[in-house]
Every structure is written in structure tokens, then in C-alpha cells.
Amino acid sequence: MSSMRNAVQRRNHKERAQPLERQKWGLLEKHKDYSLRAKDHNEKKRKLNALKQKASERNEDEFYFGMMSGSSKKGVKRAKRGEENNGGGGTVLSQDVVKLMKTQDVGYLRTVLQQTKRERSRVERDVIAGDVGITTKSPSGGAGRTVFDEDGQVVQTSNQSRSEDSDDDNQEDFDITALAQMAGFDPMAPLDDGSEEDESASGKDEATDVPLSKEKRAAAKKKRSHQDAKRRYLEALEDRERDIQRALAEVEEQRAKMNGTTGGVNKNGTKFRVRQRRK
């Protein structure tokens with residue numbers, strides 16, 4: 001029956017359009033639109049009726065001692081800070097304690113800034129050495145590895161045993177993985193800057209000179225990926241150093257304002273200067 005019903009020619013479905021004099025009110029409302037509006041309207045009426053009933057049944061003699069210290073504004077209760085609002089006990093720190101806390105903040109920021117600077121300088125040296133083609137020793141004190149030039153050609157190969165090579169490779173992979181995790185990216189991702197030039201240069205070398213083997217090409221690609229990982233980590237360290245310097249400057253400015261050794265603008269927008277003693 002369903003196939004016969006579908007095969008028979010049916011009347012085209014037509015809907016009444018919005019009259020011309022009512023086009024400014026938008027599209028013509030359908031029954032489903034009315035159902036949604038009616039449902040929302042009835043829900044609001046039920047809530048209002050429930051609130052009215054609750055207000056009518058309120059006990060006028062109801063009293064709590066919290067009403068003595070509580071306050072309201074335009075019928076809205078104003079909660080207090082401190083213990084009533086899960087605060088810090090409602091106590092105000094003294095000026096000396098706040099100054100001490102600011103001093104500790106400055107000391108911490110300076111320590112972190114020095115650590116970031118040392119790490120940035122170390123990574124910057126590694127990046128420059130990798131661009132030139134010089135390899136640095138691993139933190140474990142191992143000997144040198146395979147050295148590549150700018151075109152990816154092998155310049156020097158170290159005479160290490162297989163076990164030492166595997167240990168150094170594991171150490172290098174660990175270092176690069178840590179760098180990638182701290183920088184928040186994949187170290188083996190394809191390069192966006194300079195990769196095409198390196199590949200074109202290697203292609204020219206293959207066309208003119210002896211082509212590289214598969215292992216050497218893989219090693220050169222891995223070297224370029226590691227170098228790109230270090231560059232990104234260096235950029236992240238530079239951004240962090242700038243952020244710490246900005247935070248340190250703000251805290252030092254706050255300390256100077258608290259000690260009265262600098263001017264500024266108060267919360268009302270009024271500029272003020274420090275009064276200097278006449279000589």
C-alpha cells in the first residue's frame with residue numbers, strides 16, 4: 001500500500017504566505033512556533049504562581065539573629081566578605097605584612113627570571129651551533145656525533161661503539177622530546193620555514209654529486225626537525241622572559257608606591273607626585 005501511495009501523483013504542499021501588510025512583522029508564524037511560545041508562557045505563569053503562594057504563606061513573625069547584622073539593597077541581600085562568604089577570616093593585613101609579601105614576590109620573580117635567562121642563553125648557543133654545523137656534547141659527557149653542514153652533507157663521523165651511539169641517541173631523543181613538550185608542539189612535524197630550500201639544495205647535490213643514502217637522508221631530516229624544535233623552544237623562552245620582566249616591573253612599581261618613593265594615579269584617576277623635602 002505504501003508503494004502505491006507513493007506512486008500516485010499528490011497535491012503540491014503549499015503554505016500561506018505572509019500578507020503584504022504584515023511583512024514588517026517577519027515570517028508567518030506556524031503552529032509549532034505558537035506551541036513553543038505557549039509552553040514558555042505557561043511555564044512562567046507556573047513559576048509566578050509558586051512564588052506568590054510562597055510569599056503569601058510567609059510567617060511574618062519569623063526571626064533570625066543574622067537579620068540584625070544583615071543588610072539588603074533594593075530587596076537584594078548583600079553578603080559580607082570574610083568568613084560568611086568563605087573568605088580569609090574577615091581580617092585585613094597590615095601594611096608591613098603586605099610589604100613583606102611584595103618583597104617575597106620580587107625575590108621569586110628575580111630568581112625565575114635568572115633561570116629563564118640562563119636557559120635561553122644555553123638554547124640560543126645550541127641553535128647557533130646547529131645552524132653552523134657544530135655539534136655539542138651531551139650532558140652525560142659523551143663524545144661527538146655525526147656532523148652535518150648547511151646542505152645536509154656528512155662532514156665528520158664519530159668513532160663510538162654501538163652501545164655508546166644508542167645511549168647518545170636516546171639522550172638526544174629525550175632532550176628533544178622534553179623541549180617539544182615544554183614548547184607545546186610535535187618535533188617531527190614538517191618544517192614551514194626553510195624546509196623547501198633545504199630539500200631543493202639537497203636535490204641539486206644529488207644531481208651534481210654522489211646521491212645520499214636513505215639512512216643519511218633520514219638523519220639529515222631528523223637533524224633539521226631537531227633544530228626546528230630548538231628554535232621554537234627558544235621563542236617560547238623569549239616570550240616567557242618578557243612576561244616575567246613585565247610582572248617584575250609591576251610589582252616593583254607597587255612597592256615603590258607603597259613606600260611613597262614614586263608618583264602615579266590613584267583609584268579616582270587623580271595624578272599625584274611625591275613630596276620631596278626642601279633642602
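Note that Cβ sites are derived from N, Cα and C of the backbone, with glycine treated the same way.
If you look up TrEMBL, you'll see 1-26 (among others) marked as region 'Disordered'. Counting same-chain residues at least six beyond the ends of the region 'Disordered' (1-26), none has a Cβ under 8 angstroms from any Cβ of the stretch.
Annotation source TrEMBL lists compositional bias 'Basic and acidic residues' at 15-26 (among others).
Annotated region 'Disordered' per TrEMBL: 62-92 (among others), in sequence order.
The region 'Disordered' feature in TrEMBL is assigned to 130-231 (among others).
The annotation compositional bias 'Acidic residues' is assigned in TrEMBL to 165-175.
The compositional bias 'Basic and acidic residues' annotation in TrEMBL covers 201-218 (among others).
If you look up TrEMBL, you'll see 254-279 (among others) marked as region 'Disordered'.
Annotated compositional bias 'Low complexity' per TrEMBL: 257-269, in sequence order.
Residues annotated as compositional bias 'Basic residues' in TrEMBL: 270-279.
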Counts of helix, strand and coil residues, the region 'Disordered' (1-26), according to DSSP: 12 helix, 0 strand, 14 coil
